[in-house]
Amino acid sequence: MKRILFALVAGLSALTLAACGAGEQAASSGPVDKAGVQRAKDTVAQYSTRPTELNVTAPVGKPVPTGKTVDFISCAAADCNVIAGVLKASAEKLGWTLNVINSDGSPDSQQKAFEQIVRDKADGAIYIAIDRSVYERYLPQLKANGTWLVSACSANEPGNGIDYAICTPDQQKGAGELMAAYIVADSGGQANSVYFNVPAFVNLVKMQDEFLARMKDLCASCPTATQDIPVTALGNGVPQLIVGYLRAHPQVNYVSLSIDSLAAGLPAALKAAGLDHVKIVGEGGGDTTWQYIKTGDQIASVPSPFVETYLAGLDSIVRHVSGAPQVPSQLARFWVVTKDNVGDTDVKVNGTLPVVAGSDAMFQKLWGVA
Amino acid sequence: MTTLKDTATEPAAAPSSPRRSPRWAALGPQNIGAVYILALIVIAFCIYLPVSYPTLATVKQIANGYSLTAMAALALVVPLATRTFDLSFAYVMTLSGVTAAHFVVGGVNPVLSMVLGMLAALLIGAVNGVVVVVMKIDSFIGTLATGSLVQAFIIFFTNDQIISGVQLAGGFSQLAQVQIAGFTGPAVYAVVLAAVLWFVLEHTVAGRRIYAVGFNPDAARLATINVARIRFTALLVSSAIAGFAGLCLASSLSSGSPTSGTAYLLPAFAAVFVGATQLKNGRFNAWGTLIAVVMLGAGTVGLSLSAAPNYAAQMFTGVVLIGALAATGLQRRRVRRG
């Protein structure tokens, strides 16, 4: 009897949870906005060439002191390790020491990392996607130590202890515009798309807003939806969530991903479900993404300018310790990678892909250590 | 740990009610409760999603989407049946995948690369055997430790980078992406694997010994069963199945991710423990494990088809797991009371 009761509860739970969803919907489309499609094509054409210059062009202009120490809080993601290597190589050029402090992404490990920075009395510190609430209590000590704090890819604005912020939500939202433009251009104004977002990555929220706004602007008749992916599904649950959504919405022919890693295993899942006509566009990049683009499993990606982001953070520390004026925080220009130009991704710096080819040497030139 | 039912009550449990024939008892909710839950889930979603849910595509999505979880869970059946935990299986999945991917990208024949991946997995199985059986370290701690060492080695070996290359999209990808009547390779492998495990556990002397070791290792030892050898072999079997699942995972992803297997740790344990409440009245068993995976998959796929909020799948899984295990507890207490 109790099992039957439990079965009823489980079934009702499933039904209740399902009722919270959107149910089965039909899609609609209207006349093609030819002007919008043309604007989308122009945007894609403009960003299809790999940028060759940094946005930061002002040399430091003063001697950069040697013997400085920079702490870098790495994260659990594979890319963080690579970034650490890039920063280490540049720090060595400056005659500096870069300490890599590992973190598993938990607030506890992040707080321990900040404790380490306080103990190190580092001249500068760079960290990735850590909210200030985690390290708020260390800010007075860091300020007393004279540590220049660089926040990368978090939602926090500079000020009140954060000396420099880059890869902010506002700076990242341009990738959303490019993804929208690519979908409109590729579909000829006949896209029915869904944008998959990971709400846990708060720094990406404006990218979704921008994607939706640009889709509406470039193709008002293109149905566009959003769907959240729980961070706990990253690893093995994402392909099935996306396949489920696409089966419930068979009119959808484009999938847009807020981070390319959501595509891991997705092409195989789409093929198995007979949904391989659905095209994938993403943001972030990475070796698996380039492989998917080469094999035709994904049509485009807007790579994150990781190398330029963190070198800009190091540049900010260089200018601080040299007494040179700071330059405005800016990301490198975006670039859309497709099958036509994916060959450019084969050239790497310390194992990762700079958006601006040779950006590490360009920064070193600005510092006068090239 | 090996059984969710007391050893002392095991023989008494077979005829669940004197008024029922064994066949009817086998179909009772106390024996296949998950099937009833599955049926209710299916009915609920068929009502809510009459167009998209009651289709062959849903069956394929459940089978294809949860086949790797099923294989991971099946890897745990044999060691758990011998009262031995293997927490390293998820890391072994990762290890075999990155090993094979490394060699495929390096230009080695895909089949040979997969063999090398399997050898790496078996090596860890042997290490687990030494740690747990020879060194007599508690299996929960011992395999957690070896898993940690395996992950450390993977990070060292890959520099924490995903191994990728267009070579992985060739023959290697066929292992998991091949389709047989619309079902992907791993879905078929999981069923074959379950059948093999079922046969070995239920119809061979080795299977009887495995359960005997799990029910009461001291009694098994007195009955001249080589408990150490069986536990050692169980850990090897676990690593072999996990290694094969890891190859399928890397083949499905077309890459060797240094953390891909860890995502299967909890779902696999959840499935195998729920599976132990099915069919065999408290024993870890293969078909019960598959039923549990299908039950969880049916609900999760239904929720994704209905674009339910992002907390829904976790909530559903939690409710089902607590319910299934609580029901087992009630059943056990009822049996104890006679």
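We number each residue from 1, going along the chain as drawn.
Glycine residues also receive a Cβ, built from the backbone N, Cα and C atoms like all the rest.
As the structure is a computational prediction, the values presented were derived from the model and not from experiment.
According to TrEMBL, the feature region 'Disordered' maps to B:1-21.
Under the heading transmembrane segment, TrEMBL lists B:33-51 (among others).
Look at TrEMBL and you will find B:63-81 (among others) tagged as transmembrane segment.
Residues or ranges marked as transmembrane segment by TrEMBL: B:88-105 (among others).
Annotation comment: TrEMBL describes B:111-133 (among others) as transmembrane segment.
Feature annotation from TrEMBL assigns transmembrane segment to B:140-158 (among others).
Among residues of the same chain six or more beyond the transmembrane segment (B:178-201), those with a C-beta under 8 A of the stretch's C-beta atoms are 56, 60, 63-64, 67-68, 70-71, 74, 77-78, 81, 207, 210-211, 241, 244-245, 248, 251-252, 285-287, 289-290. Per TrEMBL, the feature transmembrane segment maps to B:178-201 (among others).
What TrEMBL records for B:232-255 (among others) is transmembrane segment. Residues 67-68, 71-72, 74-76, 78-79, 81-82, 84, 86, 88-90, 92-98, 100-101, 114, 117-118, 120-122, 124-126, 128-129, 132-133, 143, 162-164, 168-169, 172-177, 184-186, 189, 193, 210, 261, 264 of the same chain lie 6 or more positions beyond the ends of the transmembrane segment (B:232-255) yet place their CB under 8 Å from a CB of it.
According to TrEMBL, the transmembrane segment annotation covers B:261-279 (among others). Here the transmembrane segment (B:261-279) has long-range neighbours at 3-4, 26, 31-35, 68-70, 72-77, 80, 87, 89-95, 97, 151, 242, 245-246, 249, 285-293, 295-296, 317, 320-321, 324-325, 327-328, 331, meaning same-chain residues at least 6 beyond its ends whose C-beta is under 8 angstroms from one of its own.
Residues annotated as transmembrane segment in TrEMBL: B:286-305 (among others).
The transmembrane segment feature in TrEMBL is assigned to B:311-330 (among others).
The recorded stretches the transmembrane segment (B:33-51) and the transmembrane segment (B:88-105) do not share 3+ CB pairs below 8 A when only pairs 6 or more apart in sequence are counted, and are therefore not in contact. Spatially, the transmembrane segment (B:286-305) is not adjacent to the transmembrane segment (B:88-105); fewer than three Cβ-Cβ distances between them are under 8 Å for residues at least 6 apart in sequence.
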